[in-house]
Amino acid sequence: MVNSNEEDERRILDVEESLLTQEEVNNHLTGLSSTAEDGSIDIYGNPPSKKKTGNWKACPFILGNECCERLAYYGIAKNLITYYTSELHESNVSAASDVMIWQGTCYITPLIGAVIADSYWGRYWTIASFSAIYFIGMALLTLSASLPVLKPAACAGVAAALCSPATTVQYAVFFTGLYLIALGTGGIKPCVSSFGADQFDDTDPRERVRKASFFNWFYFSINIGSFISSTLLVWVQENVGWGLGFLIPTVFMGVSIASFFIGTPLYRFQKPGGSPITRVCQVLVAAYRKLKLNLPEDISFLYETREKNSMIAGSRKIQHTDGYKFLDKAAVISEYESKSGAFSNPWKLCTVTQVEEVKTLIRMFPIWASGIVYSVLYSQISTLFVQQGRSMNRIIRSFEIPPASFGVFDTLIVLISIPIYDRFLVPFVRRFTGIPKGLTDLQRMGIGLFLSVLSIAAAAIVETVRLQLAQDFVAMSIFWQIPQYILMGIAEVFFFIGRVEFFYDESPDAMRSVCSALALLNTAVGSYLSSLILTLVAYFTALGGKDGWVPDDLNKGHLDYFFWLLVSLGLVNIPVYALICVKHTKKKAL
């Protein structure tokens, strides 16, 4: 007989939660708690009430913060290559390289923010502090684009090589603002998605399901900001002026900060667990010191605390896994330690959970590395896709379409695809796979990898046809670029969201900011690698006085060859990724 309280609870389970197994529902109903049990605290340092904090009631402020911050970021990034060529008078190759390096830096600095968040400040204060740095960088960049003394003289209708270059002082002001933004975003990127996911209690099956949906809507909010940047801001920058075009995203960055602080009373906070780098080093040192000791046949003899939670603040225990057994020696209790009870030195003896943290990082690395190729392909959206579009017919009656604004098709398809994926595709696929999320994170990422290759292949085909038409002095319509943007947009929905969720779910509790930063570092390495490949290809194909594959005048080059090179790289990567996925072992929290 089910009592009235249980009946009330069952009514609460909506369509979103129908993917829970009956066992999970029953366990939840019998062990219902009014406070979160994942180690989080509220603003007063107490266990947070499920009714008053977190969950979807806190998420609008986090999603609003992310939407406005991404609008600010993409308000700079989407058309930055045009600013380099038209305002700073750089060549196509130099401008593309500079943009890729800056974008790469924006995805490396999250390592700084992540370590600070997980070790010392926590995610909330890291986001707050780095947002201030971000805003200062935006303001400085706006001044650089607004004051005539801080930018080169206008040079319309002349090749970039013949224009006056920016002075050292002008570059100094511009790059200071640009790289302050890169530093500021380093404290936000690795923390905000994890901070949003922290609002859902991982020990509550209903909230765990909602957390999976949160990642979809988190990426949806990112693309709302991107959509506005790709349309309104790009048009303002190219038709009204760069000063106003940079001022608008600066204002939205201020709105982003305000949105974040307003939601403070509703947030759940995870305590920082200490330096993850130190814990990794402790495991390696302890394992080395006990290299000659034998592992016990019964793993229950490995050292672990008897408490419910681990010794690491804000972290649950992790179940022991096979593999990398040499690391298990860090948790072997020596004869001396057993007799003396000297268990307090983590440089000599580590818990199983601490050892499993290191194993988890090692297992993540192959997945991380195989995603670099996707980042190489994706980086073309803001660089060579834009330059390709600039060489096409962009006139509709009297209106000239800014080529960077075509990124709106990528954004639109993301905005359309996420609700379809979350509300229709997941329930449909779940019928066949039996997986609550429809697809595993790794399957989702694999589909994204394949679609990104198709996108670059579409760009290569368009470029081949465009070059043939250019020989007859016929300009191909820029609207032929739409398929490549659409394919890359669908690839984003699968790969990017899958990657964010994979690195959050698989990461140890006290390393979630760091692991989110590692996912972003993947994008950084991809941007740098893309820049390196482009520079090398441009150099070697231009030897002997040739124009090369990527000259300033693309009609004299072979950008299609470069795109096919990237397609080949992507096709080689897909089977490698599949093999890595087959061998991957998932983390299991206790």
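Each Cβ is built from the backbone N, Cα and C atoms, and glycine gets one as well.
Taken verbatim from Swiss-Prot:
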type     : residues : note
TRANSMEM : 96-116   : transmembrane segment
MOD_RES  : Thr126   : phosphothreonine
TRANSMEM : 130-150  : transmembrane segment
TRANSMEM : 168-188  : transmembrane segment
TRANSMEM : 214-234  : transmembrane segment
TRANSMEM : 242-262  : transmembrane segment
TRANSMEM : 365-385  : transmembrane segment
TRANSMEM : 401-421  : transmembrane segment
TRANSMEM : 445-465  : transmembrane segment
TRANSMEM : 478-498  : transmembrane segment
TRANSMEM : 524-544  : transmembrane segment
TRANSMEM : 562-582  : transmembrane segment
With Cβ distances under 8 Å as the criterion, find the stretch in 168-188, 214-234, 401-421, 445-465 that has the most pairs with the transmembrane segment (242-262).
214-234
Stretch with greatest number of CB pairs under 8 Å, the transmembrane segment (130-150) reference, 96-116, 168-188, 214-234, 401-421, 524-544 candidates:
168-188
List the same-chain residues at least 6 positions away in sequence whose Cβ sits under 8 Å from the Cβ of Thr126 (phosphothreonine), in sequence order, or say none.
Gly113, Ile116, Ala117, Gly187, Cys191, Ser513
Under 8 Å between C-beta atoms and at least six residues away from its ends: which parts of the chain pack against the transmembrane segment (96-116)?
73, 77, 80-81, 84, 90, 126, 130, 178-179, 181-183, 185-191, 275-277, 379, 382-384, 387, 513-514, 516-518, 520-528, 530-531, 534-535, 550
Between the transmembrane segment (365-385) and the transmembrane segment (445-465), are there three or more CB pairs that fall under 8 A, provided the residues in each pair are separated by 6 or more in sequence?
yes
Are there residues at least six beyond either end of the transmembrane segment (168-188) with Cβ under 8 Å to its Cβ atoms? List them, or say none.
69, 73, 76, 88, 102, 105-106, 108-113, 116-117, 126-127, 129-144, 150-152
